[in-house]
Amino acid sequence: LAMGGNYTQPKFILLGITDTPWARAPLFGLFLLIYIITLVGNTGLMVLVWVAPSLHTPMYFFLAHLSLADVCYSTIISPKMLTDLLFGDKTISWAGCAAQFHLFALFVTAECHLLAAMAYDRHMAICHPLRYVLLVTPRACWHLVACSYLVASLSALLYTGCTFGGSFCGPRRVDHFFCDASPVLRLACSAARGRELAIFGLAAANGLGTGAAVLLSYGRILRALLGMRSAPSRARAFRTCASHLASVSVFYGTLFFMYLQPASWHGGRDKVASVFYTVVSPMLNPFIYSLRNTEVKAALGKCRRRM
């Protein structure tokens with residue numbers, strides 16, 4: 001595979017989270033535990049939404065797809081990171097690196113749009129309860145999910161083309177634990193400034209666009225909550241939004257820190273932020289949406305009694 005420069009080198013080397021030998025075993029155990037909890041929690045939530053008739057509503061339909069996206073992009077990152085920690089073989093082929101980044105970008109972008117769709121669902125349920133059943137139909141939900149994945153697929157193609165479309169030379173040591181855009185572009189032979197700006201602009205369009213939709217929805221929800229005269233109704237409506245707000249805050253906070261800053265600002269803190277939204281955040285979502293959710297608890301109780 002000729003990649004420019006004076007020689008051919010078909011592999012990248014992921015430097016990983018740490019180069020300290022004694023830290024590998026504890027980190028392997030910690031991240032393996034987190035990954036198992038992520039798989040069990042999100043898969044369990046998807047199965048529960050599928051089998052429990054009381055959860056066959058738009059909110060839980062979107063939540064099941066959110067769990068699917070969490071499982072997918074966690075699986076794209078965690079197994080490679082775990083094998084690197086366990087065996088110390090940090091090499092990855094050019095094709096494997098591009099595929100990892102492409103799939104990661106696809107599911108992370110899809111999650112942004114799914115969170116916006118969930119905010120729209122809550123806005124319609126609270127602000128327009130009489131029109132909710134007519135507007136938020138199963139067909140409309142499928143259209144929103146399909147559009148989320150379509151936009152994410154097109155965005156991922158552009159992200160990947162901008163990141164891997166040039167030539168690479170020199171020692172291809174990626175200072176990260178997975179193939180992300182910024183550390184890969186640092187290895188480009190040719191000037192990558194234009195491609196960095198294109199990625200930044202596309203990330204801003206997806207992140208800020210969906211973030212604005214979430215903020216707009218919750219601004220109207222807050223106005224509706226303040227106008228409610230019944231305190232129990234206000235508390236019930238707030239409970240339905242609290243889990244989603246917590247998930248949005250965790251996800252968008254680290255995502256904006258990573259991708260909406262100039263390339264010159266990227267440094268060692270990126271790995272900590274990346275661990276949080278690629279490894280920790282997918283594990284937290286099932287707990288955020290189930291621990292204080294009476295409907296999920298009730299459905300889980302019914303499933304246990306039935307079994």
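A Cβ is built for glycine as well, from the same backbone N, Cα and C atoms used for every other residue.
Positions annotated as domain 'G-protein coupled receptors family 1 profile' by TrEMBL: 41-289.
Per TrEMBL, the feature transmembrane segment maps to 27-52 (among others). Within the chain carrying the transmembrane segment (27-52), a Cβ under 8 angstroms from the stretch's Cβ atoms is held by residues 17-18, 60-61, 63-64, 67-68, 70-71, 74-75, 78-79, 81-82, 85-86, 279-280, 282-283, 285-287, 289-290, 296, 299-300, 302-303, all 6 or more beyond its ends.
Marked as transmembrane segment by TrEMBL: 59-78 (among others).
Listed by sequence, the residues of this chain that lie at least six past the ends of the transmembrane segment (98-120) yet keep a Cβ under 8 A from its Cβ atoms are 59, 62-63, 65-66, 69-70, 72-73, 76-77, 80, 92, 141, 144-145, 147-149, 151-153, 155-157, 159-160, 163-164, 178-181, 184, 206-207, 210-211, 213-214, 217-218, 244, 247-248, 251-252, 255, 277-278. Positions annotated as transmembrane segment by TrEMBL: 98-120 (among others).
Taken from TrEMBL, the feature transmembrane segment covers 197-216 (among others). For the transmembrane segment (197-216), same-chain residues at least 6 beyond its ends with a Cβ under 8 Å from one of its own Cβ atoms are 109, 112-113, 115-116, 119-120, 151, 155, 158-159, 162-163, 181, 185, 248, 252, 255-256, 259-260, 262-263.
Annotation comment: TrEMBL describes 237-260 (among others) as transmembrane segment.
The transmembrane segment feature in TrEMBL is assigned to 272-291 (among others). Packing against the transmembrane segment (272-291) from elsewhere in the chain are residues 17, 31, 34-35, 37-38, 41-42, 44-45, 63, 66-67, 70-71, 73-74, 77-78, 81, 104, 108, 176-178, 180, 243, 246-247, 250-251, 254-255, 257-258, 297, 300: each is 6 or more residues past its ends and has a CB under 8 Å from a CB in it.
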> For the domain 'G-protein coupled receptors family 1 profile' (41-289), what is the mean per-residue pLDDT, to the nearest integer?
Replying inline: 85
